[in-house]
Amino acid sequence: MKKITLALSAVCLLFTLNHSANALVSSPSTLNPGTNVAKLAEQAPVHWVSVAQIENSLTGRPPMAVGFDIDDTVLFSSPGFWRGKKTYSPNSDDYLKNPAFWEKMNNGWDEFSIPKEVARQLIDMHVRRGDSIYFVTGRSQTKTETVTNTLADNFHIPAANMNPVIFAGDKPGQNTKIQWLQEKNIRIFYGDSDNDITAARDCGIRGIRILRAANSTYKPLPQAGAFGEEVIVNSEY
């Protein structure tokens, strides 16, 4: 009888251990959820392009005026905006309406901004083509500015190709960049925000999206490709 009891106990123990092992196998860990080839292969239906493809699409076309947004398009300028928020309005975005912040940002704080590699490639390409380069930003205008010189120096833009930065400002309910794209006869406009792409579309010109870096202070991140526009690969840096 004792042997039978021991045997039954052993069977129960094995069953319990086996059940526990199966539970561990069949219950995925929330810490390590894993993935599969279908998820890895999943891509957003976006019109991706490279700088080389953009250059190829311009083959045979004469020099033209091209435009760039500045913040998160050609410069990772979050350090200056981060400093501005901490200095002028730690608990809100009111610093963006403060002229004192813009005086600082437009007169030296871009020394802390990091030029984006995709911007180097694009600007180099347009300089080789002989295009006229404009920078149209939503920043507020100030009495003086060093942004033009900073951009020309960082991206080695010859004086023949460079134009003074256009400070379009920000007005509620109005896309302030449209009038400048039209006035300067800009044919291609690069930008990271939805306003950049819609401004180009409203002007009937080619709008090309540059990805905003994930660690930008400008949140939320836009949905690149949401308007069917071209989006440059690896353009977040």
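Here the Cβ of each residue, glycine as well, is placed from N, Cα and C on the backbone.
As written in Swiss-Prot, here are the features:
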ACT_SITE  Asp69  active site, nucleophile
ACT_SITE  Asp71  active site, proton donor
BINDING   Asp69, Asp71, Asp192  Mg(2+) binding site
BINDING   Thr137, Gly138, Lys177  substrate binding site
SIGNAL    1-23  signal peptide
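Positions of the features from Swiss-Prot, shown on the structure.
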| residue | record | Cβ neighbours (10 Å) |
| --- | --- | --- |
| Asp69 | active site, nucleophile | 23 |
| Asp71 | active site, proton donor | 24 |
| Thr137 | substrate binding site | 26 |
| Gly138 | substrate binding site | 20 |
| Lys177 | substrate binding site | 27 |
| Asp192 | Mg(2+) binding site | 26 |
CB-centroid shell, 8 A cutoff, Mg(2+) site Asp69, Asp71, Asp192, site residues removed: Ile70, Asp72, Thr73, Val74, Thr137, Gly138, Gly191, Ser193, Asp196, Ile210, Arg212
Inter-residue C-alpha distance, Lys177 (substrate binding site) and Asp69 (active site, nucleophile) (nearest angstrom): 9
Rounded to the nearest Å - Cα separation of Asp192 (Mg(2+) binding site) and Asp69 (active site, nucleophile): 8
Length of the line joining the Cα atoms of Thr137 (substrate binding site) and the residue listed as 'active site, proton donor', in Å: 8
Rounded Cα-Cα span from Gly138 (substrate binding site) to the residue listed as 'active site, nucleophile', Å: 8
Integer Å distance between the CA atoms belonging to Gly138 (substrate binding site) and the residue listed as 'active site, proton donor': 9
Beyond the site residues Thr137, Gly138, Lys177: chain residues whose C-beta lies within 8 Å of the centroid, for substrate: Asp69, Ile70, Val136, Arg139, Ile166, Phe167, Ala168, Gly169, Asp170, Thr176, Asn195, Asp196
Where Lys177 (substrate binding site) falls in three-state DSSP terms: coil
